[in-house]
Amino acid sequence: MTGTFVGVTRTIDGSSIARRIRAEVAERVAEAAAVRRVPGLATLLVGDDPASAVYVAAKRRAVREAGMRDVHRHLPEHSTEYEVASVIDELAGRSDVSGILLQLPLPPQLDAAALIDRIPVTKDVDGLTTASLGRLARGERGLRPCTPSGVIELLDAEGIELKGACVAVVGWGELVGRPLTHLLLRRGATVSVAHEFTADLAAVTRPADIVVVATGVRGLVGPEHVRPGATVIDVGIHRTPHGLAGDVRAAELDGIAGRITPVPGGVGPMTIAMLLVNTLRAAEWGAEAAPVPVC
Ligand SMILES: NC(=O)c1ccc[n+]([C@@H]2O[C@H](COP(=O)([O-])OP(=O)(O)OC[C@H]3O[C@@H](n4cnc5c(N)ncnc54)[C@H](O)[C@@H]3O)[C@@H](O)[C@H]2O)c1
């Protein structure tokens, strides 16, 4: 079954929403700098994966543009777990480093989960430590993973009500789908989750008011999956000879979806904006968590 025309599909402009958030962060950083508390983000890159190098460079640029301190460490491809752990421990102990980002994926000889878990919860700007994910599941204070919080920010910026909304999350990955499910449930949405073993994807997504797709499968979702008028959020990113593409066949949803995020210019810019927000929150949390001097 395919959709019915509902009028003009509105494109959700993630780039401009992200720009606004980044400008707000820069204002807060300037206020913090006035009292000599400049937030700092440390990025740690291990190895020479070209895509990772590009992502880290973009994050560092955004950090500097927001007026934050940019601390960077680059370790060789064949680093041992001890060497990477030592750098994380050093950064964890520095008062001028508010947040630590360990760029993934790591070379295969390294245990990513163990290394991520060395990052203190107050500096975990990616929100991927066991402690942060536990706090997310329990609704306790913590830093939330950047991409799913970017999705929530986009929906909020568009004024889309989450309380009582029916949301289908397609993809149950650790970085996006899983944490997003918790965030949506906390906001009062009714959430259905589909994954690679879901027998009838359309049966899960067609009733939804909002469909979020984060599978890594290019062009997976199209008109057969979307109720006319629904909002579609495309988290997927694929490099193609014609530029970037998503997990959604966006052109086929024109006139069917009520709103849709483009690729590029939708969720992508929000991920970096939320990293800056998390660094600011980490700086505030770290300052609170500082031990009270004993007289
Ligand atoms: N825009 C951004 O900033 C950003 C950030 C992170 C990830 N991503 C993208 O989001 C996507 C998902 O990332 P991830 O790390 O969560 O991926 P992942 O590989 O950890 O998880 C993929 C999920 O998709 C599900 N899936 C696979 N095939 C499916 C199918 N045919 N039908 C339904 N579900 C299916 C799997 O069961 C799994 O739960 C990727 O394309 C990634 O590039 C984008």
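Placement of Cβ uses the backbone N, Cα and C atoms for every residue, glycine included.
Those TrEMBL annotations? Automatic predictions, nothing curated.
According to TrEMBL, the features are:
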type	residues	note
DOMAIN	12-126	domain 'Tetrahydrofolate dehydrogenase/cyclohydrolase catalytic'
DOMAIN	145-284	domain 'Tetrahydrofolate dehydrogenase/cyclohydrolase NAD(P)-binding'
BINDING	Gly171, Trp172, Gly173, Ile237	NADP(+) binding site
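With Gly171, Trp172, Gly173, Ile237 listed as the residues that bind NADP(+), the site has a largest C-alpha separation of 16 Å. Of the binding-site residues Gly171, Gly173, Gly171 has the largest number of other Cβ atoms within 10 Å of its own Cβ.
Taking all protein chains in view, 18 other C-beta atoms sit within 10 angstroms of the C-beta of Ile237 (NADP(+) binding site).
According to DSSP, the domain 'Tetrahydrofolate dehydrogenase/cyclohydrolase NAD(P)-binding' (145-284) comprises 52 helix, 28 strand, 60 coil.
Of all Cβ atoms in the shown protein chains, 18 besides its own fall within 10 Å of the Cβ of Trp172 (NADP(+) binding site). The DSSP breakdown of the domain 'Tetrahydrofolate dehydrogenase/cyclohydrolase catalytic' (12-126), given as helix, strand and coil counts, is 57 helix, 19 strand, 39 coil.
As a whole-number mean, the pLDDT of the domain 'Tetrahydrofolate dehydrogenase/cyclohydrolase catalytic' (12-126) in this prediction is 97.
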